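Asks: Annotation source Swiss-Prot lists signal peptide at 1-23, citing experimental evidence. Under the heading disulfide bond, Swiss-Prot lists 27-38, 55-148, 123-140. The feature domain 'C-type lectin' is assigned by Swiss-Prot to 34-149.
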């Protein structure tokens with residue numbers, strides 16, 4: 001009887017420690033969880049605008065992936081490691097009057113950047129030769145695979 005109570009108490013501690021860590025939600029089939037978001041890599045090749053529209057149709061509040069930290073960048077790099085191409089992310093140039101600023105398409109602030117040295121900002125892709133960690137600009141009309149991200 002004492003072992004049963006000890007085992008039950010242990011399971012309760014494990015359950016309580018997992019709640020609130022992201023383990024209390026489930027992403028749709030074929031999507032992967034990281035933090036409080038769900039991610040999915042798509043091998044279809046689309047323009048940046050087509051990929052963004054596709055992501056918005058796939059998930060509630062979905063967008064091309066925004067990358068907020070080196071840890072998230074590493075997660076996304078692993079997610080797309082089997083794809084042999086540039087990968088669209090949700091960062092692009094926005095011109096406001098004479099100013100040029102880069103913004104994530106989901107409205108989040110750009111707090112982490114990893115542009116390849118010397119690159120100007122247009123639409124951004126993850127570069128395969130960098131293990132999908134460096135960002136390179138490319139024409140927004142070119143067709144590439146992409147990663148969608150949505151809140152869990």
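Start at 1 and count along the chain as shown; that gives each residue its number.
Yeah, the Cβs are placed from backbone N, Cα and C, and that goes for glycine too.
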Asks: Does residue 38 (disulfide bond) have same-chain partners at least 6 apart in sequence with Cβ under 8 Å from its own Cβ, and which are they?
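Replies: Sequence-distant Cβ neighbours: 27, 28, 31, 32, 59, 149, 150, 151, 152.
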Asks: My understanding is the cutoff is Cβ-Cβ under 8 Å with a sequence separation of 6 or more in the same chain; which residues meet that for residue 140 (disulfide bond)?
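Replies: Long-range Cβ contacts: 47, 48, 49, 92, 122, 123.
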Asks: A 10 Å Cβ contact count, applied to the disulfide-bonded residues 27, 55, 123, 148: which residue has the minimum?
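Replies: Across 27, 55, 123, 148, these disulfide-bonded residues, the one with fewest Cβ atoms within 10 Å is 27.
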Asks: Where does residue 140 (disulfide bond) sit in DSSP terms: helix, strand, or coil?
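Replies: Residue 140 (disulfide bond) sits in coil per DSSP, no helix or strand.
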Asks: Tell me whether residue 148 (disulfide bond) sits in a helix, a strand or coil according to DSSP.
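Replies: Looking at the DSSP assignment, residue 148 (disulfide bond) belongs to a strand.
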